[in-house]
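Feature list (source: Swiss-Prot):
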type: COMPBIAS; residues: 647-669; note: compositional bias 'Basic residues'
type: MOD_RES; residues: Ser653; note: phosphoserine
type: MOD_RES; residues: Ser965; note: phosphoserine
type: REPEAT; residues: 508-583; note: repeat 'WD 9'
type: REPEAT; residues: 713-769; note: repeat 'WD 11'
type: REPEAT; residues: 902-925; note: repeat 'WD 14'
Amino acid sequence: MRRFLRPGHDPVRERLKRDLFQFNKTVEHGFPHQPSALGYSPSLRILAIGTRSGAIKLYGAPGVEFMGLHRENNAVTQIHLLPGQCQLVTLLDDNSLHLWSLKVKGGASELQEDESFTLRGPPGAAPSATQITVVLPHSSCELLYLGTESGNVFVVQLPAFRALEDRTISSDAVLQRLPEEARHRRVFEMVEALQEHPRDPNQILIGYSRGLVVIWDLQGSRVLYHFLSSQQLENIWWQRDGRLLVSCHSDGSYCQWPMSSEAQQPEPLRSLVPYGPFPCKAITKILWLTTRQGLPFTIFQGGMPRASYGDRHCTSVIHDGQQTAFDFTSRVIDFTVLTEADPAAAFDDPYALVVLAEEELVVIDLQTAGWPPVQLPYLASLHCSAITCSHHVSNIPLKLWERIIAAGSRQNAHFSTMEWPIDGGTSLTPAPPQRDLLLTGHEDGTVRFWDASGVCLRLLYKLSTVRVFLTDTDPNENLSAHGEDEWPPLRKVGSFDPYSDDPRLGIQKIFLCKYSGYLAVAGTAGQVLVLELNDEAAEQAVEQVEADLLQDQEGYRWKGHERLAAHSGPVRFEPGFQPFVLVQCQPPAVVTSLALHSEWRLVAFGTSHGFGLFDHQQRRQVFVKCTLHPSDQLALEGPLSRVKSLKKSLRQSFRRMRRSRVSSRKRRPAGPPGEVQEGSVKAERPGLQNMELAPVQRKIEARSVEDSFTGFVRTLYFADTYLRDSSRHCPSLWAGTNGGTIYAFSLRVPPAERRMDETVRAEQAKEIQLMHRAPVVGILVLDGHSVPLPEPLEVAHDLSKSPDMPGSHQLLVVSEEQFKVFTLPKVSAKLKLKLTALEGSRVRRVSVAHFGSRRAEDYGEHHLAVLTNLGDIQVVSLPLLKPQVRYSCIRREDVSGIASCVFTKYGQGFYLISPSEFERFSLSTKWLVEPRCLVDSAETKNHRPGNGAGPKKAPSRVRNSGTQSDGEEKQPGLVMERALLSDERVLKEIQSTLEGDRGSRNWRSHRAAVGCSLGNGGE
């Protein structure tokens, strides 16, 4: 009975916990997954994007962002922002309409759904009778005109969504008002286009799919003009002055129609097939925009020659003799053009083209010669190459920050200098208190550096490791280059490139030292690169060293992929991070753990075969250690051929079933232990009903060495601690494996004045075997004050107190199943905490975080942030290992999201909710990136962006986020993750990137290795 009862709560501690811990999902970084609709408000200067999962996202100035999620999770097919209002209407693929509003609450705007409506037909009518194809918000903001597949146009009153049946424009009524010769030439079919007259709100244009276009007088209920085309109509555009119509058609042509009072049925002024004369694909949308200079812009989507370029996704711009077909690597969803916002203006004067593709957003500067792209301050295509790992570094020194930005600015010379043109709303969030970096490794061998200081994720710099290796492609190849006489005049735009030249280039581990500027990256084929930040371009040879992890083993044969061939001579590297040494592991298996100690100039690396230590100052190998067990034969087969035998799979399955039956016999059969005990306590002692029950700890069973790859190196950790005796501390390297083994090596690092003359020596000092053989996921040493040891060079830069070396040190080992504290140097067990409460729970990520109090500026505590395979996040105290709070963060079915999670040094975190989006969350009350912004409908912006130094960075972007404290449930409907993760395709797409072979399934995504992260860089 006693073991189920937890001692009474300490009210002081509970109050302090409320000051330290609070769970929030704050913002989603990146590009919306599977976009399906685009909208724009010229008056508010707000862009809207809808997705197939039912989410809508609004973007304005950097830091201004809103998100909403339809309850039905149906695809958004159209978005229309009401003119001059903070309202928008969405159409879903289930034929429902939804009205959303931006309302001010507490001094900030929030996006809320006000009404929903489904158009109903008369009893017995076919579904096509009311299937909406086009939505036209009237300029009065009081009416919606709805074109349907039946050819009828229905009218709905806003904001109540009340159908006005007496105002319906039926196809029969239109037919009766047409001249006799036009009545029999066309079958109406569906409505393809609805447009309001730019100057007269009493006239609307109705375009039918078979080619008939009519101008309808709303007051007189009559046809003013009608136009007949011989081709199927796709879309239509009404010139700003109302004197010209431009229609586009299914054969790749467009026609210009004059609006003349002399003829009720005008003939086309001009009909043109821009990419003819051969058969072309349909032009699905066209804009004809006037300018003060007199020459219009013609911008259209599609129309490419069907035979040769039918697979291209293009949006074309024609102006003043210049024609360019912007070629995208993913399907174009829609586009819009930013023009003069005042509807009474005489000219459109377009200045920017905004194209929404399936995998990215591209903005083109139409004011600058050559029409260069504009750099995005948000909506970055994180998955331009698939993300394979992530690494977060907090509190970057200003000097390093400026050097990274300077290196990145040289890569952005091809971008326009135009200020970001979508600048509606006002961000109310203060500037971030520090500079943070999020580094993402990619399948194509690149590492991207993102400004993660606020909620507006911005690309600073891109590093490519491809130049080091011999590949089939030329790294200097310019994909956007084309000949002057080439036709069609294609130009590649955008950054999305889903194809990798060689999967072995993929980055698996990243470790950045923010004080020295050293960077270590490791890849899929056993390559470990050490790089140094250089402000100037350099041509240099990369020194190559081979690390044979099987040198003492016989009878093993690697069956996986080959190593990457590297350049033997000098290679030119641009300013930025430049590699100077390549350590090639043999066999060339995936690097599973990485650690860098820039003060000692050492880098440690681990694979499924063992680990090694390399001195990157003297360019020599210190030692290698093979960790293979005789049963680890599969570790030599490689990720492409690693398949477990059916016999072994069945044997292990039956073994688990037997264990489950045995353990179930030992428990009471009436349900979970906590529930059973709670019922018995209430029955026996009513007075104890309000006492809290301690969770039942699951029994930890010893694992067989055949259960997993026991030699798989999960984590590496450097520490200056007491390893041999309590009188003298020394540098050390710790390694934890998948079989529950911890290796400790004492290191002799020469002093700085003799560093190049004497060699680093290593000697194995200890080997610890955990009884339950669970994989070791984290190692940490605590000083005499039970505080984690500081980062390398952190004390030298006066950013941390010197560790307490005279006191007794403690070793914390975190396995998948328990936390255990040992005393040093004797390594005797002192404390332990088993992972509790739920059967099958395993530690997946663990990191040390500093939690500051929101009330007392000078008070803070170090704790462990722990993510389990069930998606729960727990905070565990140091050094007493007492659970503090637990939150439900990621769905347990989202294996890929759990695998991609990284923690920060101050209690925040990131994980992938789709291949292109990170969800950001916070566990801290103090370090909370809280986005707030304001959009005012009365504030109509008519200014045009000028050319400056590029987009100005704002500190944050806004999303309404729900707060979840311990024990509370998440607010429904606001998190896009719920919609995305209900789609199995999304989960499989992330999982295919982040989960490789069986041996690296749980560890290929690099966790945050900053500050006191356990295993500093390893898994």
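Yeah, the Cβs are placed from backbone N, Cα and C, and that goes for glycine too.
Since this is a predicted model, take the numbers as computed values, not measurements.
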The repeat 'WD 9' (508-583), counted residue by residue under DSSP: helix, strand, coil:
0 helix, 40 strand, 36 coil
Tell me the residue counts in helix, strand and coil for the repeat 'WD 11' (713-769), as DSSP assigns them.
3 helix, 40 strand, 14 coil
When the repeat 'WD 14' (902-925) is classified with DSSP, how many of its residues are helical, how many are strand and how many are coil?
0 helix, 17 strand, 7 coil
Take the repeat 'WD 14' (902-925) and average the pLDDT across it for me.
95
